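Below is one structure; the comments refer to it alone.
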Amino acid sequence: MAQVLTQFDTIAAISTPIGEGGISIVRLSGEDAVAIANKLFKGADLTQVPSHTIHYGHIVDPKTKDVVDETMVSVLRAPKTFTREDMVEINCHGGMIVTNDILQLLLANGARMADPGEFTKRAFMNGRIDLTQAESVMDIVRAKTDKSRQVAMTQLAGGLLDKIRTMRQELLDTMAHEEVNIDYPEYDMDDLTSQEMKKKAEEVSKQIDQLLKTAQEGKIIRNGLATAIVGRPNVGKSSLLNYLTQDDKAIVTDIAGTTRDTLEEYVSVKGVPLKLIDTAGIHHTEDKVEKIGVERSKKAIAEADLVLLLLDASQDLTDEDKNLLNLTANKKRIIILNKQDLGTKISQEMIREITDNPIIVTSILKQENMAALENAIEQLFFSGIENSQNQILVTNQRQAGLLAKAKQSLEDVVNGIDDAMPLDLVQIDLKNAWDTLGEITGESAPDELITQLFSQFCLGK
């Protein structure tokens, strides 16, 4: 864990969204947090109250003596706080003016405006959390479904941290054993030590493999299942988007080519996080703007985790339909036969001869059989991840990339031993793997990485 650092100044920020609301919270952290808040607070003497208590009073401008707001103030003393520093949280009435006035008074009386993510960064620097837990804090804030929140909570509880630390300890024990052999060569334990190193490298590599297998699942749960809504013009793509989002996010008309670009929307369908992409109709066109939309649609299909392919069941299968069936043949997809209320010229049996993908017959405008579509999405998504609530998942590209890098170093260890390389050289690769795993938790992460990571957080967090 990172070194405990205590020589920080005192920071302040608004921790709740700016705007009208019932309550806003202005947060302080640092050695002088209580003293600064006490300059403004008229009620109890905050410097004398017990830790983890809340007090009623008023925030008063020390210079003008004007009462700014009626508040409840929480005093939280180190080390049992989020940042492991003294903290104060001022609960005031929601509203842009009053909240900002309180913040400005805190800044005028000795606090500094917090950088984005600085509260969480201090929690990391003071050993309260590691980098995987810090990332999970933002995952909780940004969670779009219960599933993504549950996975983030598992990370915050230290699931991935414990796994990484166990692997690092195993590698450290192996390196320590090898150091004895290097320091005392008279015992001639090279063969024994090399086999031990190889075995341990292979064991840890397998553990990393198991984590890497969860990376795609973790990405989907964290970011949403990238779902492309695909079909030729005027088959009901935008109507499907509007049904799933329960909002008119796309223009629905009878004019072919109305959607000229890709539209994105996040929704939860029966607990499945979907990042919906309503694509432009893929068809031949001479319109330059439409051509751009068509190319973007093809790119969206290539990058999609799931394709919802719409066909107009009331019309014969067209060449454009056949092209889309071929274009999406290798994707996980659901075939939707829309407009069945207008007649049926494309049957399930006809499509079944082409593919074994799930087929849903519906009228989206009349919302007929839409529950079957939602059930099909749920079944496809949860078929292999029913236990992900308590499962340790790799949830972002940073973690996955470092795991892959560590695995490569371990493979270099195995190859080096097989090629009879000197053990002191092989151990360099073993230490590289150990260091790389430490970057995941922050135990060996460079300062610039830590700064960059926390800069992505919101103010007040």
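In case you wondered, yes, glycine gets a Cβ from its N, Cα and C as well.
The (6S)-5-formyl-5,6,7,8-tetrahydrofolate site in Swiss-Prot is built from E89, R128, K461 plus one of R27, R222, R398, namely R27.
It is 45 Å from the Cα atom of S238 (Mg(2+) binding site) to that of E89 ((6S)-5-formyl-5,6,7,8-tetrahydrofolate binding site). Shown are the binding-site residues R27, R128; of these, the residue with the fewest other Cβ atoms within 10 Å is R128.
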